[in-house]
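Notes for the one structure printed next.
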Amino acid sequence: MAETTTSPSPLWNRNLTLRLATAAVLIPLVLGAVYYLPVKGFLIAWGVVILAAAWEWSALAGIRKVPGRIVFVALVLAFQILAWYWPRLVGWLAATTGQPWLMKAVLALDHIVWPTLLFWLGFGFYLRTWPERLVKQVWSRGLRVFVAWFVLCTAWLIMARLRANFGNASILYLLLLVWIADSAAYFAGRKWGRTALAPAISPGKTLEGVYGALLACALFAAGIGYFFLEFSIKDVLDFTLLALIVVLVSICGDLLVSLYKRWAGVKDSGRLLPGHGGLLDRIDSLLAAGCVLYAGFYGREMFW
């Protein structure tokens, strides 16, 4: 979610221009990748984005030397490769051992969404309850590195499963939710922002910005559900509620990266994207949002 402040300035106008110019370039590229790349092509493209974000996050996590950062990126890549070949590996083990029940292990790729969701909900609770403690009690470097690795790996896998199981429309919907939430929070915070959301971690984010994001995304989700998907009123309400949870959890992704930046004493994760900072700054909300949407879609198929 975008940083907001309460007083316009020439610098803000310049940053807004840079943000819009960068977005004008990125949005067609992203939409093209979502719509025109096959599943494998999308997974590779998303994997490259995650690896680039891993490079930025490694520095925030306290890995200063280049060889160490390369190892961190390699560990993220190793997870991607393992997940890519996991069904084949499980199939080979089942055939080799003569134990067909081992094929159930393929479902681990889908069930990883549940511990991921628990992580984000737990972080959100801790963040809301003891934000100052999070800032003052810096995690050990080992924990910082592990959490960064876990978040990046699960974000790649869950987006991969979302694309494979629910199609490119699900990815587009998720991206639009996050973009709308980010933009609405930015402008609502600029206009009405008074109450800091987590001042110890990210002073520029406001509760009013969050309310603006929730309102905008509720209207968007309800409109999609009613007019395009032709859901019943009950299903529209469920669909809208899921969107609101997606937005709330996406804020946790944003604040987790902000926490790392606060620990590292930097404003942005990098300088790759003018007006946006680093690539990690652009996808931080998405890292958390995907697990909620996938849990909602996958859980509905499992239990309803």
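From the backbone N, Cα and C atoms, a Cβ is placed for every residue, glycine too.
Taken straight from TrEMBL:
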{"type": "TRANSMEM", "residues": "16-37", "note": "transmembrane segment"}
{"type": "TRANSMEM", "residues": "43-63", "note": "transmembrane segment"}
{"type": "TRANSMEM", "residues": "70-86", "note": "transmembrane segment"}
{"type": "TRANSMEM", "residues": "106-126", "note": "transmembrane segment"}
{"type": "TRANSMEM", "residues": "138-159", "note": "transmembrane segment"}
{"type": "TRANSMEM", "residues": "171-189", "note": "transmembrane segment"}
{"type": "TRANSMEM", "residues": "210-229", "note": "transmembrane segment"}
{"type": "TRANSMEM", "residues": "241-259", "note": "transmembrane segment"}
Long-range neighbours of the transmembrane segment (138-159), counting only residues six or more past its ends (CB under 8 A): 46-47, 50, 53-54, 57-58, 60-63, 72, 75-76, 79-80, 83, 109, 112-113, 116, 119, 171, 253, 256, 260, 263, 286-288, 290-291, 294
Candidate ranges 16-37, 70-86, 106-126, 171-189, 241-259 - greatest C-beta contact count to the transmembrane segment (210-229) (under 8 angstroms): 171-189
Other parts of the chain folded back onto the transmembrane segment (70-86), taken as Cβ under 8 Å at six or more residues beyond its ends: 43, 47, 50-51, 54-55, 57-58, 61, 63, 106, 108-109, 145, 148-149, 152-153, 156-157, 160
Among 16-37, 171-189, 241-259, stretch most in contact with the transmembrane segment (106-126) (C-beta, under 8 angstroms): 241-259
